[in-house]
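Pulled from TrEMBL, these are the features on record:
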- 5-169: domain 'CSC1/OSCA1-like N-terminal transmembrane' (DOMAIN)
- 192-338: domain 'CSC1/OSCA1-like cytosolic' (DOMAIN)
- 349-619: domain 'CSC1/OSCA1-like 7TM region' (DOMAIN)
- 6-27: transmembrane segment (TRANSMEM)
- 82-107: transmembrane segment (TRANSMEM)
- 149-168: transmembrane segment (TRANSMEM)
- 351-374: transmembrane segment (TRANSMEM)
- 403-423: transmembrane segment (TRANSMEM)
- 443-462: transmembrane segment (TRANSMEM)
- 548-579: transmembrane segment (TRANSMEM)
- 600-619: transmembrane segment (TRANSMEM)
- 625-645: transmembrane segment (TRANSMEM)
C-alpha cells in the first residue's frame, strides 16, 4: 500500500463517519423514527428526548453521554453494560498512558535513524506492501544492535506496568460494582433464592422425581427449603403454544395457504374455533408434561438468600456425577434443553467442541491466508490478469489498495459468530450468559490466531517464499521482520473499524431501513411491529472479541509502530462515547449476569499482553539486541499477575459471597412469585398481559401520529 492510498483510506473513512453522524442527528429527531433510536427509553416509560424538544442541539447526545454516570448505565442497561464500559475505559487508559511516553520518545528515535536507507533490500521492502514514509516512524528504521533499542525495551516494560496497574484497579472496581448490585435491597431477584441441580439420580421405587428431590433437600435444609421445580421435556408443548399464539394473533380471510386460497369464512368465528381447539390441546399437553416427562434436573428454592448461596457452593454428594449444584441463572437465561445432559456427557462434549474449534481455526486459516495474500493489488493482478486495465485507472487503484484487504478480513470474521454460539450451546452449558461467554472466548482466540497467523504470517510467507526456498532456516527472521510491514495494514483496518463501524452503529441506518420496510409490508399486529423495532442487546458474543482483536493488534504494534496507539485511543474513545449513547437509549439487555464476563475479559487482556511481550522478545532478537533476554522476567511477571488476580478476585464472581447474600431486603420476598418466575411460559397458568410492552406500543403510536401530522 502506498502512502497516498493510506491517506485516501483514512480521509474517506473520516468523511463517511461525518456523513453518518449528520444523518443520525437528522433522523433521530424525527418522531417516526423514535422506536429505532430510543427503544430503551420507550420500554422504560421515559421521554425519549429527556426534556428536550425536537429542535434540540444536534450534538446534545455527546454532552448527555459524557455527563451520564455509571449508575445511570446500571439503571437503564444493567450491570453487565456498566462492566463493559469499565473495559472500554480501562483499555483507553492503558493506551493513552502508553502513548504519553512512547510517542514523544520512540517516534524521534525511529525517524532520525537510517536503517531503511542503508539496507540493501529497501526497494524490496517498499514493494512488499508497506510505504516507506511510515516505515521511517517504526522500529523497521532502527539499525541492528543499535543502542536506541534500549528505549524500545524500556517501552515494553512501560506498557506492561501500565496494564498491570489499570487491570488491578479495574478488577477491584468491577468486584465492588457486582457486590453493590447483588446487595441491593430495592428488588427481589428470583435467582438469589434458587439453585440449579443437575445429574439427579433415579428416584426409589414408589417415588416421583419431584418427591425424591423434595425429600433430599428437605433433609439437608429442614428449616429453609421451600420447594422444587423439576425440569420437564416440553418441546411439544412449546410448539402447541406457538400454534395457539399464531391462531390468536394472525386473522385471515381464507382458510388455505397463507390466507390466499381456500374457503372464505368469517374470521372471528373461524379463529375462535381454532383457539378453543388449541387451548384444549395445550392444557392436555401441560398435564402430560407435568405428570410423565420429568427430567434429571431441577431448580430448588429456599426461603432466604444466604442458604441458596451456601448451597450453591457446597458439595452435596460424594460422587461428583450426582447431585451437581450451581447457582441458578436468571429465569430468562436458562437453556432448558441442556439441563438434562449428564455430567460425563458434558465433559465429552466440551473436549469434542474444543477439538472442532481447533480444526475450524486450522482450516479457516487457509481461506483467510489465501485472501490476505491474493488481495494485495500485485497478487490480485497476477491471479486475475483481465482486471489489469481497470486497476490501472488511478482512482480505482487507490480505492482497491485502501480497502480491499481490510474488507475481505472483516467479511471472513463476520461469518463465524452463529456457528461458534451453536458449538458453545452444544457443550451442555445451562445459561445464555455462560454460552455467550464461551462463544466470546472461542471467537477471540479464533480471530486473534487467524489474523496474526493467517494475515501477518501467511502474507509474509507468500511474499518471501523464494527466500525461504533458498534458506529454510531463515523463517524466524522473515516472520520477525514482516511485523513492521504489516503494521500499515492494521492501521487502516483499525481506522476502518472505528470510522465506518462506529458511524454505522450511531446512525443505525440498516436497522432503520429494515424497520420501515417490515412495518409497511409485513407487520399486521402490534407484536410484529414490536419485533420489527426491538433492538436486542449489545451482542457481547461478537462485540467483546472484536474489541479484543483491536486491543491485541494495538498491543503488539504499540512499540514496533507507536503511531498505532493514536488509532487505538480513537477506537476505544469513540467506542466509549457512541456506545454510551446506544446503551442509554437503544439497546435492551437480554440478561443480567452481574459482571461475570469481566474475569474472562481480564484473562484475554492478559493473553494479548503476553502475546505482545513474546512478539517484542522475538523482534528485538531479530534486531540482534542481546539484552532482549531482559524481557523474559516480564513474561513471567504477567503469568504471576494473572494468577494473583484469579486467586484474589475470581471466587467472588464464580459464587455469591455470603457477606453479600446476608444483606436484608427492605421488603419480604413473595416466594410463590419467585417460584413462578422459573416456570416455563408454556407450563404457566399465569399468563398475564405484558403491560410494559403495551405501554411502550401506546407511546410509540403517539410519536408515529405526531410524525404523520
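Residue 1 is the first one shown; counting continues down the chain.
From the backbone N, Cα and C atoms, a Cβ is placed for every residue, glycine too.
Within its own chain, the transmembrane segment (6-27) is flanked in space by residues 33, 37, 58-59, 61, 131, 134, 398-399, 402-403, 488, 491-492, 495-496, 499-500, 502-504, 506-509, 512, which lie at least six positions past its ends and keep a Cβ under 8 Å from the stretch.
Remote same-chain partners of the transmembrane segment (82-107), defined as residues 6 or more beyond its termini with a Cβ less than 8 Å from a stretch Cβ, comprise 70, 73-74, 137, 151-152, 155, 158-159, 162-163, 166-167, 169-170, 173-174, 177-178, 538, 540, 543-544, 547, 551, 554, 558-559, 562-563, 565-566, 568-569, 572-573, 575-576, 579-580, 583, 595, 597-598, 601, 605. The average pLDDT for the domain 'CSC1/OSCA1-like cytosolic' (192-338) in the predicted structure is 76.
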